[in-house]
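Colleague: Here's the feature list from Swiss-Prot:
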type	residues	note
ACT_SITE	Tyr102	active site, proton donor
ACT_SITE	Lys173	active site, proton acceptor
BINDING	Arg155, Asp269, 301-318, Asn408	NADP(+) binding site
BINDING	Glu245, Asp246, Asp269	divalent metal cation binding site
MOD_RES	Met1	N-acetylmethionine
MOD_RES	Ser336	phosphoserine
SITE	Asp269	site 'Important for activity'
Amino acid sequence: MDPRAPRRRHTHQRGYLLTRDPHLNKDLAFTLEERQQLKIHGLLPPCIVNQEIQVLRVIKNFERLNSDFDRYLLLMDLQDRNEKLFYSVLMSNVEKFMPIVYTPTVGLACQQYSLAFRKPRGLFISIHDKGHIASVLNAWPEDVVKAIVVTDGERILGLGDLGCNGMGIPVGKLALYTACGGVNPQQCLPITLDVGTENEELLKDPLYIGLRHRRVRGPEYDAFLDEFMEAASSKYGMNCLIQFEDFANLNAFRLLNKYRNKYCTFNDDIQGTASVAVAGLLAALRITKNKLSDQTVLFQGAGEAALGIAHLIVMAMEKEGLSKEKARQKIWLVDSKGLIVKGRASLTEEKEVFAHEHEEMKNLEAIVQKIKPTALIGVAAIGGAFTEQILKDMAAFNERPIIFALSNPTSKAECSAEECYKVTKGRAIFASGSPFDPVTLPDGRTLFPGQGNNSYVFPGVALGVVACGLRHINDSVFLTTAEVISQQVSDKHLEEGRLYPPLNTIRDVSLKIAVKIVQDAYKEKMATVYPEPQNKEEFVSSQMYSTNYDQILPDCYSWPEEVQKIQTKVNQ
């Protein structure tokens, strides 16, 4: 069956309420027959249009608006009104709309979320619901949920503790699960766990929609998380994917290690960021013509993103034949207190793994001059951290320096694409976390900065995991994903400065990632969906969400003529 063909869908809804159901509403695309039989004739203008015209109308309204925040609100209103049309709009130009529904605009939306809140798009579960989380989950109208994105709002992008306002992240993330990965949106559930906030402005804001007290921590917090994980898995199944998003460093690794072997879970800030960064590095190596194990990598930042990338680089270097110990020696990290070295005070267990025998240093410029890295990766959300001197030094040490400014949003980027290319005279191999415009150099070349967006990773991973019912998600999934992404980058893309496939191909990239995950899952006996499909690509494709409107008219058909004869008299 062609997955693009209209699907027949049964509903008891009729009349006005049907037009208020975003899963069923077609707006002006309802045919005359549908309008009459579904009792909505007269509620809509007489004009009947197809979805293509509807998309054009949305884009026209979108382009009339002056701010990205207003554009975000327009798209969120559309999602609340007509789900199929919303995703059709996103998929019509992913490169244009992704920065609005996700980074960088979603950061501004989260800061304004208390003002922008209009209707429920997910579940808010507070610490005071402890002991009753299963009951709160019952409030969600969908019985089948295969993917959850959950946050506690403590570390939203590079913006810090936004508490309940962080709900914009799970909502935006799951929108990309569907637009980029084809995961059914009705099977996705955004959740915010509200345990309070340390944000003074929010605590004093009378319009703040969350709990107005300090964050609950320690054993009570852990018991709350344990209950949530147990309740969600009990209700939706042990194969329900639970993605952790924007938890603070002190909890992110701890919770991942605690739950990864019991539930189907991953942390996108750690593992997703790692995968997309390593994908960029693998693509960059096709330019430098050497191996990953030949690199010396310096991180500005030592939080969950940096450590996640570092661990995946080690795994990739091991695959090239290097020992774990030697691989770790090629990785250096700088945190807020300076270079991470052995004997330095207050090192966490995760940071200790990458501590070197070296003198203590604090100044990043001096550290770069001393270490002479071949690759410099920024994930500390310190805007402008890669100074002109650092960029000059990187270009002096390397013919083709690898410079990744991965912090979000744009204001937190370590340097801009233009700064990087101009200082290095176009020799830098650059990638960023937020989008930057193409840069034209004095010699006439135009370079297109690669955007190392996690959206290349998590939609495909989610699609693959959900499709085959993968029970646990290990780190090899993310190395495999990085390899698949890098393989989609053509030589022409590399010449243009792109380290990632064009965003308009992201749905195809996600399909390839998902198919590889499904293949490996069955090969390693980790899948739970049986019988095993013979054609894995066809199997995954058949499960991808279609934006074509469903057929919701009653299933009408005829009987044979002889049985339809009207009896007019009783036989004696």
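Using N, Cα and C of the backbone, Cβ positions are placed for all residues, glycine too.
Could you place these features in context, so I can see how deep they sit and what lies close by?
Modeller: Shown in sequence order, Gly172, Lys173, Ala175, Leu176, Asn453, Ser455 are the residues of the chain, 6+ apart in sequence, with a C-beta less than 8 angstroms from the C-beta of Tyr102 (active site, proton donor).
When secondary structure is read from DSSP and collapsed to three states, Lys173 (active site, proton acceptor) falls in the helix class.
Cβ environment of His311 (NADP(+) binding site): Ala274, Asp475 lie under 8 Å away, each six or more residues apart in the same chain. In the three-state DSSP scheme, His311 (NADP(+) binding site) falls into the helix class.
When secondary structure is read from DSSP and collapsed to three states, Glu245 (divalent metal cation binding site) falls in the coil class. Around Glu245 (divalent metal cation binding site), the same-chain residues at least 6 positions away in sequence with a Cβ under 8 Å from its Cβ are Val149, Val150, Thr151, Ile169, Pro170, Lys173, Asn267, Asp268, Asp269.
Every protein chain considered, the tally of other Cβ atoms within 10 Å of the Cβ of Ser336 (phosphoserine) stands at 10.
Around the Cβ of Asp269 (divalent metal cation binding site), 25 further Cβ atoms fall within 10 Å across all displayed protein chains.
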Colleague: Could you give the Cα-Cα distance between Gly308 (NADP(+) binding site) and Ser336 (phosphoserine), in whole Å?
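Modeller: Cα-Cα distance, Gly308 (NADP(+) binding site) to Ser336 (phosphoserine): 18 Å.
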Colleague: Within 10 Å of the Cβ of Ala302 (NADP(+) binding site), how many other Cβ atoms can be counted across all chains shown?
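Modeller: Excluding its own Cβ, the number within 10 Å is 25.
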Colleague: Compute the C-alpha separation of Met317 (NADP(+) binding site) from Ser336 (phosphoserine), stating it in Å without decimals.
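Modeller: Counting only the Cα atoms, the answer is 27 Å.
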Colleague: Other residues with Cβ within 8 Å of the Cβ centroid of Glu245, Asp246, Asp269 at the divalent metal cation site?
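Modeller: What remains near the Cβ centre is Thr151, Arg155, Ile156, Ile169, Phe244, Phe247, Ala252, Asn267, Asp268.
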Colleague: Quick check: in three-state DSSP terms, what is Arg155 (NADP(+) binding site)?
Modeller: coil
Colleague: Looking at the recorded positions listed here (Arg155, Ala302, Ala305, Val314, Ser336), whose Cα lies nearest to that of Asp246 (divalent metal cation binding site)?
Modeller: Arg155
Colleague: So among the recorded positions Lys173, Val314, Met317, who's got the most Cβ atoms within 10 Å?
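Modeller: Answer by Cβ density within 10 Å: Lys173.
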